[in-house]
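What follows is a short report on a single structure.
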């Protein structure tokens, strides 16, 4: 693709390169945050009359974010999250130095100018790192450092202050790595750190068949929910890409068991022709019914868990057991059971039912509370599914709310380039993309010609 063609792309593509972001998707998270204020910027001057210890506690409790970014490559969402977290961290460090009379007049002027010009729409990661390094030497208070974890199957370019994990989010081993990064060397249970938020901008390779794309994306969302149940703090938030389709209501119906309020948001930077929207799930909780369903999908087993940690332990044990079941439940094993001479015709039916109850489908496994849920979820009749959802929510408020962000640049509109426009290169080139071999072969063929 020629340079002229690149410059004619939508305005968010150009803005991302101009403002230091790795991809245009960064603006989707920024606009979602503008709408819902999930990640707030810390202004210590609002607490000038408070004791410095109280301000530190305020920052540690409410503005020092621990965040997990799933399906993070190439890292644009991680850059936005780092922008927010380091801005809050820097403001807290500057405030302490100011109270200790350690800031020069030049420091004050630079700080005021920086805060005045700061915007999430511009990547200030490098600038913030330098400012933090300058003030961190004089930090004598117990100020927490934000913890950011980025996870993806693909390689992600290195970023300071971000723990990068190359792994599969559907595996418990990856979840254990996330927990290890979140807690570092803190072994005391009372200091155990959970994430304030889990975000995911991941999506499968698009097939062009909307039903298939919607289904696979829903599987990815529920795999992210599996991560939430292990790493997200009670009261935390979850943001994930979703492809809207006929079963969107059913997916959100199940997510409502884990979150108090769910919104479907379409940022202005998301193209209208795209099926994508974003789930914004607020106030996470661990329902006992969902934990129970991880084992049997019935109410036969009940756990009187006393606290959050016990609920999480039960959940993690059940995931490990489920992963083992998936490995053991192979087709050849099923065939050998069915062909066994000890099994009569009636027993064969029971065996098949038992295998079905294992619920290899991730929808059923992570969200269904009962066989009644499973029955309707597996139904091929759309009318039956919709009636079941309606009956369960007839006495409640709306299943979810659809919202749009404020008026920003229109991603589907063409904007004229200024006469003195300078083309910018991408912040980082793709690392080991799946199409690399094809490109190399094409270049070799071109050279031969």
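Even glycines carry a Cβ here, placed using N, Cα and C.
Annotated features in TrEMBL:
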type	residues	note
DOMAIN	21-81	domain 'Ribosomal RNA methyltransferase FtsJ'
BINDING	75, 77, 152, 168, 201	S-adenosyl-L-methionine binding site
DOMAIN	141-284	domain 'Ribosomal RNA methyltransferase FtsJ'
ACT_SITE	241	active site, proton acceptor
Helix, strand or coil for residue 241 (active site, proton acceptor)? Use DSSP.
strand
Under 8 Å Cβ to Cβ from residue 75 (S-adenosyl-L-methionine binding site), same chain, six or more residues apart: give me those in sequence order, or none if nothing qualifies.
22, 150, 156, 157, 159, 162, 428
Rounded to a whole number, how many Å is the Cα of residue 77 (S-adenosyl-L-methionine binding site) away from the Cα of residue 241 (active site, proton acceptor)?
12
I'd like to know the mean pLDDT over the domain 'Ribosomal RNA methyltransferase FtsJ' (141-284).
88
Name the residues of the same chain, 6+ apart in sequence, whose Cβ is under 8 Å from the Cβ of residue 168 (S-adenosyl-L-methionine binding site)?
153, 174
Please list residues from the chain of residue 201 (S-adenosyl-L-methionine binding site) whose Cβ is under 8 angstroms from its Cβ, counting only those at least six apart in sequence.
25, 28, 29, 71, 72, 76, 77, 240, 241
Might you list, by sequence position, any residue in that chain lying six or more from residue 152 (S-adenosyl-L-methionine binding site) with a Cβ less than 8 Å away from its Cβ?
70, 71, 72, 73, 165, 166, 202
DSSP residue counts for the domain 'Ribosomal RNA methyltransferase FtsJ' (21-81), split into helix, strand and coil:
33 helix, 5 strand, 23 coil
